[in-house]
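Q: Below you will find the structure I want to go over with you.
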Amino acid sequence: MFLVNSFLKGGGGGGGGGGLGGGLGNVLGGLISGAGGGGGGGGGGGGGGAGGGGTAMRILGGVISAISEAAAQYNPEPPPPRTHYSNIEANESEEVRQFRRLFAQLAGDDMEVSATELMNILNKVVTRHPDLKTDGFGLDTCRSMVAVMDSDTTGKLGFEEFKYLWNNIKKWQAIYKQFDVDRSGTICSRELPGAFEAAGFHLNEHLYNMIIRRYSDEAGNMDFDNFISCLVRLDAMFRAFKSLDKDGTGQIQVNIQEWLQLTMYS
């Protein structure tokens, strides 16, 4: 069993909201309109297999600890239960009804959003915002975003899953613009902690450094698609930790199958 300990403060807050209405053209721009990678390296060297294994375990332990430290007190709103997009509640606001109509146009005949459809949606939106520096959302990034939001493991996003993701993207896009103080279109390493804290993630220095190595360029600058991809993954990991920490002890135990499910489908 893996024992994951938590001993530092976490973040608060979950999905954002607002700005859902309008026709397809207006909504695509309005939903995302702002309010106003390199990978890590591995250790090497001689000393035998036992030493290498020890190094790997220390690295893995550090990753687990850094994540659990930040997740312990994170209190996001979980995505609502999955329902068909046409199941309109009597007290539903006109804004949400408009979003249902938008979803019906975006999702296609199966009324679910695939990774390819999500990629097309996001890339259409970011082209309307030249102040957001991005290389565009790639298919692999969107597959990962779908996977970590896919609560029922269908491989696609239903209405509530998509709405939760979309609300978060809108909130995080506003934060991105707010903390891009030099208007470079990117967030640099010194701007990153403030942006992440505004999004509800209070991380330690070790985890910030890991994120910069994974999601930023060689100069330490993070563009918009990497910023969103990183926050989607953090949000999902924190929600997973909270759901497994049923007693609120700041510790979870998972077997190897649960661990693989958490880490491989993401």
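Quick reminder: no glycine exception, Cβ is built from N, Cα and C everywhere.
According to Swiss-Prot, the protein has these features:
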- MET1: N-acetylmethionine (MOD_RES)
- SER6: phosphoserine (MOD_RES)
- 94-128: domain 'EF-hand 1' (DOMAIN)
- ASP135, ASP223: Ca(2+) 4 binding site (BINDING)
- 137-170: domain 'EF-hand 2' (DOMAIN)
- ASP150, ASP152, THR154, LYS156, GLU161: Ca(2+) 2 binding site (BINDING)
- 167-202: domain 'EF-hand 3' (DOMAIN)
- LYS177: N6-acetyllysine (MOD_RES)
- ASP180, ASP182, SER184, THR186, GLU191: Ca(2+) 3 binding site (BINDING)
- 203-231: domain 'EF-hand 4' (DOMAIN)
- 232-266: domain 'EF-hand 5' (DOMAIN)
Q: Could you check which of the recorded positions ASP150, THR154, LYS177, ASP180, THR186 is the closest Cα neighbour of ASP135 (Ca(2+) 4 binding site)?
A: THR186
Q: Look up GLU161 (Ca(2+) 2 binding site) in the DSSP assignment and reduce it to helix, strand or coil.
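A: GLU161 (Ca(2+) 2 binding site) sits in a helix per DSSP.
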Q: By CA distance, which of the recorded positions (ASP152, LYS156, GLU161, LYS177, ASP223) lies nearest to THR186 (Ca(2+) 3 binding site)?
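A: It is ASP223, whose Cα lies nearest.
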Q: Near the Cβ of ASP223 (Ca(2+) 4 binding site), how many other Cβ atoms are there if near means within 10 Å?
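A: The answer is 21.
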Q: Can you check what DSSP calls GLU191 (Ca(2+) 3 binding site), collapsed to helix, strand or coil?
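A: Going by the DSSP assignment, GLU191 (Ca(2+) 3 binding site) belongs to neither helix nor strand, so it counts as coil.
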Q: Mind tallying the domain 'EF-hand 4' (203-231) by DSSP state, helix then strand then coil?
A: 19 helix, 1 strand, 9 coil
Q: Are there any residues in the same chain, six or more apart in sequence, whose C-beta is under 8 angstroms from the C-beta of ASP150 (Ca(2+) 2 binding site), and if so which?
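A: In sequence order, the residues whose Cβ lies under 8 Å from that of ASP150 (Ca(2+) 2 binding site) (at least 6 apart) are LYS156, LEU157, GLU161, TYR265.
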Q: Judged by the number of other CB atoms within 10 angstroms, which among ASP135, GLU161, ASP180 is the least packed of the binding-site residues?
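A: Taking ASP135, GLU161, ASP180 as the binding-site residues, the minimal 10 Å Cβ count falls on ASP135.
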Q: In the domain 'EF-hand 1' (94-128), how many residues does DSSP put in helix, strand and coil?
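A: The breakdown for the domain 'EF-hand 1' (94-128) reads 26 helix, 1 strand, 8 coil.
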Q: Tell me which of the binding-site residues ASP152, THR154, ASP223 ends up closest to ASP182 (Ca(2+) 3 binding site) in space, Cα to Cα.
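A: Given the candidates ASP152, THR154, ASP223, the nearest one is ASP223.
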Q: What is the total of other Cβ atoms whose distance to the Cβ of LYS156 (Ca(2+) 2 binding site) is within 10 Å?
A: 21
